[in-house]
Amino acid sequence: MASFTDLSGIFSLITLPTERIFLSGLTMYVIESKGGAIVCMLLALFFLGTWPAIMTLLERRGRLPQHTYLDYSITNLLAAVIIALSFGEIGKSTPETPNFLVQLSQDNWPSVLFAMAGGIVLSLGNLSTQYAWAFVGLSVTEVITSSITVVIGTTMNYFLDDKINRAEILFPGVACFLIAVCLGSAVHSSNAADNKTKLKTLSSDQKAEVKYVSFGYCQPFDRDSHISTFPDKDVEDGIASTEKAKAGTADFLVQLEKRRAIKVFGKGTFIGLAITFFAGICFSLFSPAFNLATNDQWKTLKEGVPHLAVYTAFFYFSVSCFVIAIILNVTFLYRPVLNLPRTSFTAYVNDWNGRGWALLAGLLCGFGNGLQFMGGQAAGYAAADAVQALPLVSTFWGILLFGEYRRSSRRTYILLVSMLFMFIVAVAILMASSGHRK
């Protein structure tokens, strides 16, 4: 069986001819060592931290979230198919370690249902965060959802994995994530107060315009076709204004509200945080469900039936994720939420503005999830939850691309730095708890 022994072995393996990689093992290609698992986690961290920034950018440019998520769902499933047909088919299939196509016909439905349940809750979580980003901001949304995922999901995975991770290290890391949740909520409240203060500086006419836009009278879509119309420049560079609004100013906030698909002015803080916490609960369940699918800790499979390979489980996981996403988003086309304009499937098909970015986001998320599960199968799913450090990447994109926290109060900056610092400490501790699955 092919395996990674250490980081240097990984890099040397990459330089070998393709034939040697394929012929070096007689059975399915899996990652077994901590070194290989850490490489998977680091790649997953970058992918899973970047795709939310792309989705947020499209919403800020006025593209309907229903359109974006439908595109994203297609390539998200495609990534799982690519992984299953490549890694899942490497080497000779054996009764103990059957390849992907062989497992599709086996009587392993209890494990398949666990995998599909994980895909359902992930799809609900991802769909919820798409709306939460608009209300709470990219940085805070990712921190809160990721921290809830670690606090609940990591604890569940620890016991499901027969405690292969070091509890004396793991649970202090979980406590740090919990502190990060509290700081994330405080950052959002402080930043929201800063924005209200900025908007008070607007003139009476500008305030009337803000109210007009906030209640949905000014939508960034063509009323006849309901297709988003992207301008040549981004909102962040001062769209719809002859003068470039500086990030973080009241004028910047007004311009952003005019252009974005989801109107947030006038909406309470509770709505954004409620959506965020719901998404966090969903995210906390998908990894334990996947763990049960691949390791069958509850002994649901018949005797002699091999466990689902991580690639097969990920395929079923992604199929259910895709089906739920399609059903909900097609429904939202005709029955939109949060005062979004009604659209249609025909309008979605014809909406090519930003489609390439949405498709890229789906690939990044798909490969990121696959790499997380590959690392979790080797080092324990509790340790693999270290990829929940993705808010560090998302916060970088949020500040760089969207001007989040520009010209905020000193209190907001102190809370933001404290939140990120606690998050970094939590991730470092969590990765230090990595074990080795026997």
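Cβ atoms here come from the backbone N, Cα and C positions, even for glycine.
Some features that TrEMBL has for this protein:
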TRANSMEM  36-57  transmembrane segment
TRANSMEM  69-88  transmembrane segment
TRANSMEM  108-125  transmembrane segment
TRANSMEM  132-157  transmembrane segment
TRANSMEM  169-188  transmembrane segment
TRANSMEM  268-290  transmembrane segment
TRANSMEM  310-334  transmembrane segment
TRANSMEM  355-375  transmembrane segment
TRANSMEM  381-401  transmembrane segment
TRANSMEM  413-432  transmembrane segment
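Of the candidate ranges 36-57, 108-125, 355-375, 108-125 contributes the most Cβ pairs within a distance under 8 Å of the transmembrane segment (310-334). Contact between the transmembrane segment (69-88) and the transmembrane segment (355-375) is supported by 3 or more Cβ pairs under 8 Å, counting only residues 6 or more apart in sequence. Taking residue pairs at least 6 apart in sequence, the transmembrane segment (169-188) and the transmembrane segment (355-375) share fewer than three C-beta contacts under 8 angstroms. With respect to Cβ pairs under 8 Å, the transmembrane segment (36-57) is most closely packed against 132-157, considering the stretches 108-125, 132-157, 268-290.
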